[in-house]
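> One structure, pasted below without further comment.
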C-alpha cells in the first residue's frame with residue numbers, strides 16, 4: 001500500500017506515484033515530512049515493546065479476536081457442510097449411498113453454495129469497495145453474518161422440517177455471501 005511505501009519503506013515519491021495512479025490525480029510527494037517522521041525518536045520502538053502495546057495493543061487485540069471468532073464460525077461451516085446438508089435432508093444419509101455417490105452429492109451441494117453465494121459476494125465486494133469502503137463493507141458483513149447465523153441456529157428445528165429446506169439453504173448461503181462481501185474483503189483486495 002502507499003502508506004507502507006511512504007512510512008516503512010521511506011519512499012514518498014513512489015507512494016505518491018502509486019496513489020496518483022489509483023486516484024487519477026497528480027500528488028506531490030512529501031519527502032520532508034517522511035524524513036522528519038523517520039528521524040523522530042518517538043516512532044522508533046520494537047515490535048515486542050511496551051510502546052508498541054501502548055500504541056497498537058488494543059487495535060491488535062480487537063482485530064485478532066474478531067478474526068478468531070470469524071474463523072471459528074466460517075471454517076466450521078465449511079468443515080461440517082456435509083453434516084448440515086444431511087441434517088436438513090438436502091442430501092441423503094451416507095449409509096444410503098456408495099462412496100462415489102456421496103462425494104458427488106456433497107460436491108454438488110458445496111458447488112451450489114459457492115456459485116450462488118461465495119463467488120457473488122466476492123464480485124459485490126469488487127464492485128462496491130471503492131464506493132462503500134472497506135470498513136463499511138466489513139462492518140456490514142460481520143453484522144449480517146451474525147444475523148443470519150443466529151437466524152439459522154436459534155430456530156434450528158424449524159429448518160430441519162421438509163417444507164423449510166429452501167429457506168435454510170438461502171439463509172445458509174447468505175452467511176457465505178456476507179463472509180466475502182464483508183470480513184474477507186481485506187483478504188483478497
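Along the chain as shown, residues are numbered 1 onward.
Every residue, even glycine, has its Cβ placed from backbone N, Cα and C.
Predicted, not measured: the structure shown is a model, and the values here were computed from it.
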> Out of 56-76, 77-97, let me know the one Swiss-Prot marks transmembrane segment.
56-76
> Is it the same side of the membrane for residue 108 and residue 158, going by what Swiss-Prot records?
yes
> Which one of 28-48, 112-132 shows up in Swiss-Prot as transmembrane segment?
112-132
> Is the transmembrane segment (135-155) packed against any residues at least 6 beyond its ends, judged by a Cβ distance under 8 Å, and which are they?
66, 70, 73, 125, 128-129, 168, 171-172, 174-175, 178-186
> Grab the same-chain neighbours of the transmembrane segment (56-76) for me: Cβ-Cβ under 8 Å, and only residues 6 or more beyond its ends, written as numbers and ranges.
142, 145, 149, 179, 183
> For the topological domain 'Extracellular' (77-111), give the DSSP counts of helix residues, strand residues and coil residues.
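For the topological domain 'Extracellular' (77-111), the helix, strand and coil counts are 26 helix, 0 strand, 9 coil.
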